């Protein structure tokens with residue numbers, strides 16, 4: 001119980017830190033983003049009433065001389081109501097709506113690809129570690145080459161080979177734009193067709209890390225006494241490998257999975273850019289290019305909260321698979 | 001080998017002399033000045049290729065640029081394929097790709113190196129200092145580190161870059177931002193390692209001796225962290241180069257500077273992909289990949305210093321397989337010594353030899369012959385490192401490479417009257433034989449139980465494998481039954497190992513060993529790690545169970561007086577050889593061998609004078625530090 005309370009407490013602190021960071025970044029930077037935003041808004045024919053200005057000022061800071069402390073609480077209050085401001089680059093849409101549209105794409109693509117890559121890496125790593133000293137060891141350096149390759153460059157190469165040359169996959173976008181969105185097979189199959197290559201890129205470039213980590217832990221675990229006991233017990237090799245060696249060796253990988261999520265998300269943002277995938281990463285970049293500060297901040301917040309949430313889930317899961325964490329304080 | 005290691009898996013005697021230490025730090029030299037050589041990675045093809053790649057690319061970036069024309073010079077003929085004039089072709093605007101590559105490599109290396117240094121310094125500050133000082137500072141540092149770790153870095157960098165106008169984004173700004181967002185993972189690892197080092201004897205000794213804090217950190221702790229720091233630095237450089245490339249590719253990198261990332265950015269925006277101008281976008285990415293790969297290969301070698309288990313022990317191949325030959329020669333061992341009745345025996349070991357085939361072969365067991373009668377308790381005594389555990393493992397063929405049985409035979413005389421040649425059993429036969437006829441209780445039950453599954457699952461495992469016919473209820477009942485036999489409450493079945501005391505874990509191991517009613521049980525120092533009262537209780541239990549169930553026991557220990565009470569016969573082992581083999585009373589009354597006498601004298605007696613502790617410097621078989629054997633005894 002104490003374990004869960006501690007974990008929950010930690011993520012609350014982390015969330016608060018992220019929110020605060022988000023509050024201070026625009027205020028520490030040179031220039032006045034509010035004026036720039038409002039100017040853009042007016043260009044697009046938006047009416048700038050005082051309440052719009054106030055909302056942006058709460059988000060991005062102002063020179064109005066209002067104490068920072070008050071600004072901070074207004075900002076937190078707005079966030080609590082889900083008010084992230086208006087996305088100037090998609091006027092008059094609200095930031096929360098823009099994010100709502102693109103988030104499912106990223107969660108679907110990055111989520112599935114990451115889980116696949118983790119599962120594949122752990123299983124392969126377990127086998128390679130178990131059969132240590134065999135030809136399988138040569139797989140290890142090969143996978144490090146893959147993990148040293150920049151995500152987006154690999155994506156470019158894949159596009160060149162599989163889309164331009166071989167024509168197996170579509171060049172970009174998340175679905176065939178000629179189709180209307182909906183829950184019909186035609187649309188879904190188009191989504192799958194478009195998502196395969198980006199997903200493949202993510203899997204290929206991240207599987208090596210999992211494989212190596214799992215393999216090294218496996219090698220360490222094999223020299224543990226309980227493995228010897230299991231062998232002396234006359235258990236079948238397959239069982240020793242899965243229930244005794246891999247079951248213990250996977251623990252650091254699961255813990256590492258939580259930590260690396262941030263990196264995976266980072267890598268996928270760029271991958272999305274290469275494929276013009278309609279996810280949150282492309283959105284973030286277009287926001288940066290259009291100086292849509294409100295959208296930028298909103299997306300950063302959402303990504304952070306999502307990563308924190310996923311971390312929390314994994315930590316709770318970890319408590320379930322490692323009984324020792326439940327008693328230690 | 002310190003027994004105070006907080007990591008699971010204490011060193012066991014059977015471990016081969018090379019790379020046998022289970023504690024990653026223990027093998028690192030205690031002090032940097034004593035063994036700087038050991039801190040350097042040993043030569044391997046991986047390291048060679050890694051160094052070649054890294055040095056080659058670094059050289060290209062450092063020395064290369066002046067040799068090439070101005071990378072910004074524009075030529076009217078754009079998008080030309082590689083030719084004699086332009087070795088790697090030109091860009092859309094007719095710039096020389098090769099010249100750009102050289103300048104960009106320099107730019108990327110610059111940023112990578114700077115970020116590597118900064119991130120390593122930050123992680124050292126938060127990890128090592130926090131870990132060493134402990135208390136509130138550590139709590140604070142550690143919380144901060146973890147928060148930084150879970151906040152996704154690149155989105156943060158993108159947002160920051162988005163607020164900073166392009167003209168203000170110098171390459172050092174980018175480096176600073178990357179360092180600030182990239183140090184946390186390393187700090188966490190460093191902190192964990194510092195915590196473990198902090199509790200080591202020699203650090204404690206330095207503290208007691210009144211050494212100053214900064215001195216302890218820099219002289220006692222830092223040298224041991226060097227390999228780890230090196231590995232972290234290498235990682236930080238790879239990560240920085242990759243992150244910078246990503247950022248530049250998105251158009252958010254340093255302005256007015258050439259890096260491999262900006263090259264890719266211009267290639268992407270110059271439609272290199274659409275024109276299939278591979279010469280433009282393949283080389284920069286490939287260079288990053290090769291550089292990263294080279295660093296990763298170097299890291300492999302560093303990792304092997306940090307964790308010796310990862311090293312692959314090279315086995316010196318024997319000329320012909322002696323074991324096979326020996327086995328073939330002993331297909332039917334039916335003859336038995338005239339003085340022992342044949343049907344009385346359960347195990348016969350003849351002329352067994354075990355060699356660790358490392359670069360310096362160690363002959364751990366020399367010509368050992370033993371017999372075990374049904375229901376007998378046979379003691380095997382000797383100091384640590386004398387080969388007794390190796391012998392026990394070889395009997396059940398649990399020895400691992402590089403250990404190898406070179407000669408001899410082990411025959412099991414089954415209750416059914418059948419003789420089983422253990423060294424000739426095939427994989428599946430051997431598996432089925434283990435535990436059902438011969439089970440083992442290992443040294444240090446602390447680590448013999450799987451920490452993450454329940455006691456019940458581990459007992460149940462044996463039954464599902466060996467007795468597939470049993471129903472779930474029957475299996476559970478049997479598990480409860482054996483626990484009751486050794487005096488453990490069957491309600492403990494659903495406990496995990498960490499929820500049991502040391503004595504209880506050892507009892508559970510003994511219960512597990514009895515599950516299948518084996519005819520022989522090998523017990524390797526089953527009570528050494530327990531306190532005397534618990535030890536007594538367990539020994540009484542063993543004798544009672546032997547009387548009830550009639551299994552034979554090979555009891556291995558360094559504690560000769562204990563064997564005198566417990567066993568029927570005793571074999572005294574020294575440097576791999578059995579020097580004396582006689583009934584217990586005889587050993588006690590009239591020890592024939594000089595070594596046996598010294599062993600006996602070394603223990604304090606209740607009536608006579610205090611014995612002199614002989615297990616000091618004269619370790620016979622292996623050159624082991626005297627502390628190791630003394631330690632074993634000193635830890636109840």
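Yeah, the Cβs are placed from backbone N, Cα and C, and that goes for glycine too.
Curation does not apply to TrEMBL; its annotations are automatic.
Segment annotation: TrEMBL labels transmembrane segment over residues B:47-68 (candidates B:25-46, B:47-68, B:69-90). Of the given residue ranges B:2-22, B:170-190, TrEMBL assigns the label transmembrane segment to B:170-190.
Among the ranges B:278-302, B:303-327, B:328-352, B:353-377, the one that TrEMBL lists as transmembrane segment is B:278-302.
Counting Cβ pairs under 8 Å to the transmembrane segment (B:141-164), the stretch among B:47-68, B:111-134, B:170-190, B:278-302 with the most such contacts is B:170-190. As a whole-number mean, the pLDDT of the domain 'ABC transporter' (B:349-600) in this prediction is 86.
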